Amino acid sequence: MAAIVVVALLLTAHVIGASASPSVIIVGAGLSGISAAKTLSDAGIKDILILEATDHIGGRIHKTKFAGLNVELGANWVEGVNGNMMNPIWEMVNKLQLKTFYSDYNNLSSNTYMQGGRLHKASVVQEAIDLSEKVDESGEKLSKSLAPSGQEDISVLTYQRLKNHVPSSPLEMALDYYLHDYEFAEPPRVTSLQNTVPLRTFADFGDDLYFVGDQRGYETVVYDVAKQFLKTNSNGSIVDPRLLLNKVVRHILYSNGGVTVITEDGMSYKAAYVMVSVSIGVLQTKLIDFKPVLPRWKILAIYQFDMAVYTKIFLKFPYKFWPEGNGTEFFIYTSERRGYYPIWQQFEKQYPGANVLMVTVTDDESRRIEQQKDSETKAEVMEVLREMFGRNIPEATDILVPRWWSNRFYKGSFSNWPIGVNRYEYDQIRAPVGRVYFTGEHTSEHYNGYVHGAYLSGIDSANMVIKCIKNKMCKVQIKAKDA
């Protein structure tokens with residue numbers, strides 16, 4: 001039956017043949033896909049084709065116009081700066097002279113609002129922060145007692161943390177959210193290793209975070225990488241025929257002899273290898289049909305990982321009514337409902353005179369908000385703001401609600417390492433299946449969920465293909481039992 005389906009697909013598709021030399025199709029032109037393509041090109045493998053489903057490159061690094069500004073729908077920070085190692089994204093951002101702003105969260109204890117509009121006492125807030133951090137340190141100590149093989153079930157670390165203390169008051173829940181969900185877009189009960197041991201990102205690259213507020217957009221980084229190997233015209237626009245936009249890949253047929261990729265418009269493209277750089281969220285849907293079906297071990301690995309949802313809601317006002325000055329950029333709203341419009345940011349430095357606020361929600365709240373009208377979301381947000389700043393504040397004149405979860409080309413914001421998954425199982429995520437390779441931030445061994453993770457994973461995955469092509473150091477035989 002499967003063979004009949006494959007033949008039918010090939011008969012109805014218009015086939016574009018590949019040259020005799022080794023060739024690679026890259027599915028997706030996010031940072032990982034572009035990084036992989038550049039690495040292949042730098043190695044002399046220039047017979048490549050990039051198929052991108054949308055009308056732009058960059059993936060989840062993408063700006064949009066809002067209230068006369070360019071704001072970031074997705075990734076917004078360079079995370080991990082001023083450490084012992086240079087974050088490659090920070091290096092690129094500085095080379096391009098993008099405007100960045102240090103994110104200082106040190107004064108949050110003085111900017112934490114309770115329901116009813118009053119500020120919590122700074123000493124009380126700081127005590128709660130210290131308690132939560134102390135609990136996390138206990139999890140870190142436990143992790144260091146584990147054997148270095150990394151094969152243990154790391155869910156024990158989160159269990160230790162939750163056993164010590166469960167946040168219950170509005171203040172505790174808001175601060176717990178800030179310390180965990182605000183970074184990982186999921187609560188500690190879902191994510192495991194990342195919440196209990198020092199993050200490799202910060203250990204390697206430094207603890208500092210910088211907000212990218214340049215009007216050229218964070219995506220400038222992706223375009224800069226792309227223009228280093230793709231042809232451009234006199235205006236600097238990419239015109240290379242090896243990059244095709246608005247090409248939605250629906251079928252990937254693979255065998256010992258090569259691959260065929262079929263797009264939604266009925267076009268078919270042949271190559272020796274394919275590298276799939278779509279998100280783990282997309283892999284968990286039926287957008288791309290693999291023939292033969294991916295082996296059981298691969299499917300299990302894909303479905304074991306979480307695709308988190310991180311939503312930055314922007315609001316425009318006729319004038320400012322919130323505090324300004326040093327130590328006021330970030331503020332917290334404490335609600336009896338965990339994760340209900342908790343983390344706020346004002347843009348006095350980044351967008352002076354714009355009168356714009358941003359509030360971050362994640363996980364279930366993100367999914368709930370994506371399914372309701374923007375007018376309903378604005379009403380909810382305004383009620384929260386009135387709780388903090390009084391009933392006489394002006395109504396927001398505009399709102400922007402990104403919908404990463406609803407978008408079939410992304411299905412979320414970034415991947416997370418969930419409870420119950422060990423390092424061996426994590427390796428299955430990035431393992432190839434015959435001539436089908438995988439890349440993306442979710443395949444990064446140390447930096448999944450981060451922009452630099454996407455960039456470095458593209459390089460790592462491309463190097464696997466390069467070894468396979470140049471040194472014949474790979475096995476492409478597809479066994480019947482894997483189908």
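Cβ atoms are placed via backbone N, Cα and C, with glycine included.
Predicted automatically and left uncurated, TrEMBL annotations should be read as such.
On a predicted model such as this, the values are computed, not experimentally measured, just so you know.
Among the features that TrEMBL reports, signal peptide is placed at 1-20. Positions annotated as domain 'Amine oxidase' by TrEMBL: 31-465. Residues or ranges marked as FAD binding site in TrEMBL: SER32, GLU52, ALA53, VAL249.
For the FAD site, whose binding residues are given in the record as SER32, GLU52, ALA53, VAL249, the maximum C-alpha distance rounds to 17 Å.
Highlighted in sequence order, ILE26, VAL27, GLY28, ALA29, GLY30, GLY33, ILE50, LEU51, THR54, GLY59, LYS247, SER277, VAL278, PHE409 have their Cβ within 8 Å of the centre of the Cβ atoms of SER32, GLU52, ALA53, VAL249, the residues recorded for FAD, and are not part of that set. If you take the C-beta of GLU52 (FAD binding site) and look for same-chain residues 6 or more apart in sequence within under 8 angstroms, you find GLY28, ALA29, GLY33, LEU243, LEU244, LEU245, ASN246, LYS247.
Counting every protein chain shown, the number of other Cβ atoms lying within 10 Å of the Cβ of VAL249 (FAD binding site) is 23.
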